[in-house]
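> Questions regarding the structure given below will be posed in turn.
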Amino acid sequence: MGTVFVLSSSLMPTADRLPTPLRRASPGVVAATVCVLVAIVLLAAWGVRPMELARYAAYWVGVVALPGVLVWRVLGPRLRYGVEDLAVGASLGYAAEVVGRIAFTAAGLPPVAGALAPSALSVLALAVPSIRRRAARPWVALPAAVSWGYAAIALVTSVWFAFGYFARQPVSWTGRGGPENDLLFALALAGEATHRWPLEFPWVQGEPLLYHWFFAEHLASATQLTGVPLPTLVLRLDLLPAMALVLLGTGALATRLARRSWVGPLAGGLLLVVQDASALPWSKLLAQPTADLMGVPYDVSFWWSTSGAFAAVVFTPLAVLLVDVVRGAARRRTWWLLVPLLGVGAGAKASVLPVVLAGTAWVVLSQWWVTRRLNRPALTALVAAGVVFAASWATIYGGQSQSLVLGPFRYVLTTALGSLLLGDTVPGRSALVLVLALIACLATLLVPVAGLGLLLSDRRARTDPAAQLALGGLILGVAGVVLLYHQGQSNLYFLRTALPLLTAAAAWGVSTRVASGVPVKALRPAAVAFAAGLVVMAVLALRDWAVFGPGQGALSRFGQVLIPWAVLAVLALAAAAYLRRSPGRRAVLGLLLVLFLAGAGAVRVPGQAVGWVASHPVGWVDQQANPSQQIDADGVRAARWIASHSGPDDVVVTNALCSNGSSAEVGVCVNRTFWVAAYTERRTVVSGWGYTATANRLATETGAVNNWEVPFWDRARWDAVRSFLADPSTTGADQLAQRGVHWVLAVPGYDPVGDRMGDVADPVFRAGGATVYRLRAPQPPSS
């Protein structure tokens, strides 16, 4: 209660701090309340129970947000507005929770106690008067327009996530279906972190977890402290708070860079609303939330990659601290936050520390080149990040590359555009088309950060070390797209990870073209430019520019796909020619062009949100979503029964080996069978083996086109499991029991299970055609 009282008293607006009387709610409070209520309605409509919402909210406030905000207010820099302290501090709370849990678990102590340790320490720390004084900073409220700007972005994005994600990623279903494989992957890792240590890939017993797994520790704490099932957390509850924190954290970063409040919503909008400017038709946009042409957009990747969303949350406080460091404004206590955040960033996503290394290295090099002086704080951060990176690479990742290889220009081959222009049946394929397609992909991906051009062309701003920090992140992101290759577009995460910093810097660049104190009327041309880009691209999206005639060549196809951008270019050039006639307008030419491009990239999210709301009721479920997922709902019910009736160290053997059917019948076994481990929350002897470090390494060594088609490497284990399932025997059961196997999960549609299974295992649960067996205890050898 002491923590709640002190923080609430320091964070609540008072009459002398706000222009409105205490008895009246401030615009910020009203805007936040509207957003929270809409989020509650959306979550409830898509199946979250009121008690689940209440328990999660209590956990989030007490275990995540309050300790993080307190630590930030005591050790972190003072941000301009109170809501920025809240957002960045709550983001820090995710990191504190994970650090506490991992430390306690590694020491053999209860993991839940570790997750609660930051809260307990907060209460104890508040007994110290000096800490209380630091925590009770004055509250400065956001201007009303800025508050509602944030709210508008949050509302549009929340609706987009609800109709595009909640409606298509089911928590439960009938018949066959299921969520995307990447979400099942995350769900399985969360179950592993909830119950066991040290961690393994749970779908292959004995395979060490060499991956960025810190997000799983956060989810494990959440489910243990709230009792909310992991599927509800992963597929519903955890996303919207993360989105809100990244939105506000990016805004706080932009405000710190530009020292102007209105850039905050602009930066958040560039991140979450302005996606790539792919010329996708409305027919695809409204039917397929994940439709893309040049690469998976940021918002889609935010829900698709649970680790990416977690990394975005912890990256924003890290970026705020780095800005102070490179500017030479960091205090000694800043480093007490920075170094642990580097460690959490390393385990949150493998791309976080490379972004830090690239940004700080560029600051050091560029300042040395210009001034012949070392930026010592930046160099210190560079060295610290390098040490943490080396340590994490050896421990968390085991020195594995996760199938990320050097492959110049090959990124385009993983995109829809690459398939359309460079597929095996396309005539006229050439290296020229490959390079042109890559340039087009890169150009559209960089639309949200076009404002960096304004920043780097401003004489005063471009010499700021913070601008060079952003430029270093941009260089790494572009290099990742151009020079690296990964079958699943993971090389894009160097750019995606840096996007909060890049969009904040882009908003800063926009602010360099807007003089202080400019009246609202003077900004009308900027609004017109944005609206023009939006309308033009929306009209162009009435046609599908990627429909080609028979025998149409690659270069001709590329020219046809390029028509929408050619139209945009012509209009932009015409506007530039007109504006150049007036010296007064010439100065804002760059600003208007950037906003015109931003409007062109803002068609997807608002357009999809409006279209879905107009055509579907709240709570609608898309029964046709994820057509590649054919998971038997009865099999999931049986798996959940095992989760609630087994011990955490029990091992499962299952006939669900290949996700595309029986291993004896399919031509190529697709190895991404994550659902058994995901819903049983138990390890399996083998149930798919995709995305493991060994599978990724073998894919790289053999040059496999898709790492999810690599065959299982342990043939003895593979043969033993298949033989036991096809012809159950006491000998086979005893061999599996030695591996810790207690349960057999037999599901229709996968490898056959012999009729004699009942002779060696007892059927204990049935759901439709799915059966759970309990292996009998091995008989001791007769004397």
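Residue 1 is the first one shown; counting continues down the chain.
Using the three backbone atoms N, Cα and C, a Cβ is placed for every residue, glycine included.
Okay, so TrEMBL annotates it like this:
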- 27-45: transmembrane segment (TRANSMEM)
- 57-75: transmembrane segment (TRANSMEM)
- 140-163: transmembrane segment (TRANSMEM)
- 233-255: transmembrane segment (TRANSMEM)
- 262-282: transmembrane segment (TRANSMEM)
- 302-323: transmembrane segment (TRANSMEM)
- 377-397: transmembrane segment (TRANSMEM)
- 409-426: transmembrane segment (TRANSMEM)
- 432-457: transmembrane segment (TRANSMEM)
- 492-510: transmembrane segment (TRANSMEM)
- 522-542: transmembrane segment (TRANSMEM)
- 587-605: transmembrane segment (TRANSMEM)
> Same chain only, please: residues at least 6 beyond the ends of the transmembrane segment (432-457) with a C-beta under 8 Å from a C-beta of the stretch. Say none if there are none.
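Long-range Cβ neighbours of the transmembrane segment (432-457): 270-271, 274-278, 293-295, 298, 409, 411-412, 415, 417-418, 421-422, 467, 470-471, 474, 478, 481-482, 492, 495, 499, 502-503, 505-510, 512-513, 554-555, 558, 561-562, 565, 590-591, 593-594, 597-598, 600-601.
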> Which sequence-distant residues neighbour the transmembrane segment (57-75)? Criterion: at least 6 residues beyond either end, Cβ under 8 Å.
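Beyond its ends, the transmembrane segment (57-75) has Cβ neighbours at 3-4, 7, 10-11, 85-86, 88-97, 115-116, 118-119, 121-122, 125-126, 131, 134-135, 137, 221-222, 225-226, 241, 317, 333-334, 336-337.
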> Mind checking which residues reach the transmembrane segment (522-542)? Cβ under 8 Å, same chain, six or more beyond either end.
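Here the qualifying positions are 277, 279-282, 285, 514, 563-564, 567-568, 571, 575, 585, 588, 591-593, 595-603, 607.
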> Between the stretches 27-45, 262-282, 302-323, 377-397, 492-510, which wins on the count of C-beta pairs under 8 angstroms to the transmembrane segment (233-255)?
302-323
> May I ask you to check whether the transmembrane segment (587-605) and the transmembrane segment (302-323) make contact, with contact taken as at least three Cβ pairs under 8 Å and only pairs 6 or more apart in sequence counted?
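The transmembrane segment (302-323) and the transmembrane segment (587-605): touching, no.
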> Using a cut-off of under 8 Å between C-beta atoms, tell me which stretch among 27-45, 262-282, 492-510 contacts the transmembrane segment (302-323) the most.
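Per the Cβ count, the answer is 492-510.
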> Grab the same-chain neighbours of the transmembrane segment (27-45) for me: Cβ-Cβ under 8 Å, and only residues 6 or more beyond its ends, written as numbers and ranges.
13, 53, 83, 141-142, 144, 147-148, 150-151, 154-155, 158-159, 162, 166, 236-237, 240, 244, 618-619
> Do any residues of this chain, six or more beyond the ends of the transmembrane segment (492-510), have a C-beta under 8 angstroms from a C-beta of it, and if so which?
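Same-chain contacts beyond the ends: 246, 249-251, 253-254, 257-258, 263-264, 266-268, 270-271, 295-296, 298, 301, 305, 308, 311-312, 315-316, 319, 349-352, 354-355, 359, 411, 445, 448-456, 458, 461, 466-467, 469-470, 473-474, 476-481, 484, 591, 594-595.
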> Go through the chain and flag residues at least 6 beyond the ends of the transmembrane segment (262-282) whose CB is under 8 A from any CB in it; none is fine as an answer.
84, 142-143, 145-146, 149-150, 152-153, 156-157, 243, 246-248, 250-255, 291-295, 297-299, 444-445, 447-449, 451, 499-500, 503-504, 506-508, 510-511, 537, 540-545, 561, 563-565, 568, 597-598, 600-602, 604-607, 611
